[in-house]
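Student: Let me begin by handing over the structure; questions about it come next.
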Amino acid sequence: MAISLSFLSTYLLLLVASFGVLAKGLLDPHFYDKVCPQALPVIKSIVEDAIKQEGRMGASLLRLHFHDCFVNGCDGSVLLDDTDTFIGEKNAAPNVNSLRGFEVIDRIKSALYYVCRGNIVSCADIVAVAARDSVVALGGPSYKVELGRRDARTASQAAANSSIPAPTLDFSGLVSNFASHGLTIQDLVLLSGAHTLGFARCTTFRARLYNETWTLDGSLASSLKYICPSESGDGDDNLAQLDSTPVKFDMVYYDWLLQRKGLLHSDQQLYKGDGSGSDGLVKFYSQNSNAFWEDFGVAMLRMGALSPLTGTDGEIRMDCRKVN
């Protein structure tokens with residue numbers, strides 16, 4: 001009997017999603033309660049201190065978790081420096097001159113070695129907890145992070161280039177990318193809500209600014225042109241905030257999408273204003289803070305359960321930047 005391609009595609013997506021659920025079952029929010037009960041308070045304290053010194057750091061630590069999980073799972077591979085045997089993820093196109101927070105992770109790792117009296121907490125778990133603590137420190141919801149990940153012994157620049165969703169993706173490309181990780185359209189809208197924090201480099205929104213004027217609010221476009229000149233190379237690293245409250249976790253990001261103020265092409269693709277795609281979800285979360293608070297945490301847990309290394313797989317790195 002012939003089986004349709006659409007059926008196979010649906011089956012494969014459900015299979016990928018089920019793997020995520022099974023992986024989550026291997027993790028436990030109480031993983032360090034007995035072996036190092038001070039682990040989570042120490043991470044929280046250092047993250048809060050880092051954000052007090054620089055508000056933007058919260059967004060950077062949150063983004064670090066995204067970029068780790070979307071490349072071969074949440075395994076701390078994004079932290080590895082290049083070696084003679086592999087080219088890591090730090091200089092991949094989505095990360096180079098952009099991904100930050102590595103020194104905060106180093107600081108946490110050193111502090112945990114002291115308070116835990118040994119090499120107990122994985123770098124992958126540090127990244128996951130630091131992301132949650134960043135959200136909370138900037139006014140967002142808390143959620144229990146599932147723990148027990150181990151660290152990868154290798155990294156792949158090629159995988160980072162192909163797996164992390166680009167800011168130039170159309171809606172269909174975003175949906176396909178998230179589905180390849182076992183994540184839904186709702187996850188896409190919720191996790192994109194993290195863009196309520198932080199800034200973006202001129203290189204990531206220049207094409208939208210000068211080529212998509214019909215979908216970008218005119219007053220915002222005018223102000224952005226002072227930050228981001230049209231010529232490539234001019235002001236490439238200049239920053240623009242992703243919404244009007246870049247160091248406060250709120251729903252303003254969704255409000256901006258409704259006003260055609262999405263900074264990145266991929267942002268505005270979530271709301272086109274014609275009732276298609278994820279328009280309904282964007283409207284819903286812009287108006288329902290409690291639902292966004294709760295559902296964002298669930299989406300973060302789903303993402304945090306992507307293909308973790310557990311048991312005897314991988315290792316617990318002494319130094320998050322290199323394998324043992």
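Using N, Cα and C of the backbone, Cβ positions are placed for all residues, glycine too.
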Student: With Cys116 as one half of a disulfide in TrEMBL, pick the other half from Cys36, Cys69, Cys74, Cys123.
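Tutor: Here TrEMBL pairs Cys116 with Cys36 via a disulfide bond.
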Student: The disulfide recorded in TrEMBL for Cys69 goes to which of Cys74, Cys123?
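Tutor: Among Cys74, Cys123, the record in TrEMBL lists Cys74 as the disulfide partner of Cys69.
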Student: Name the residue from Cys123, Cys228 that TrEMBL records as disulfide-bonded to Cys202.
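Tutor: Of the listed candidates, TrEMBL names Cys228 as the partner.
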Student: Using Cα coordinates, what distance in whole Å links Thr196 (Ca(2+) 2 binding site) and His67 (active site, proton acceptor)?
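Tutor: It is 17 Å, counting Cα to Cα.
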Student: Quick one: of His67, His195, which of the recorded positions has the smallest count of other CB atoms within 10 A?
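Tutor: Selected from the recorded positions His67, His195 on minimum Cβ neighbours within 10 Å: His67.
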Student: Show which residues of the chain containing Asp250 (Ca(2+) 2 binding site), separated from it by at least 6 in sequence, have their CB under 8 Å from its CB.
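Tutor: Those within reach of Asp250 (Ca(2+) 2 binding site), by Cβ under 8 Å and sequence separation of 6 or more, are Gly139, Gly140, Thr196, Ser289.
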Student: Within 10 Å of the Cβ of Thr196 (Ca(2+) 2 binding site), how many other Cβ atoms can you find? Include all protein chains, please.
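Tutor: Result for Thr196 (Ca(2+) 2 binding site): 28 other Cβ atoms within 10 Å.
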Student: Counting across all protein chains shown, how many other Cβ atoms sit within 10 Å of the Cβ of Thr245 (Ca(2+) 2 binding site)?
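Tutor: I get 17 for this one.
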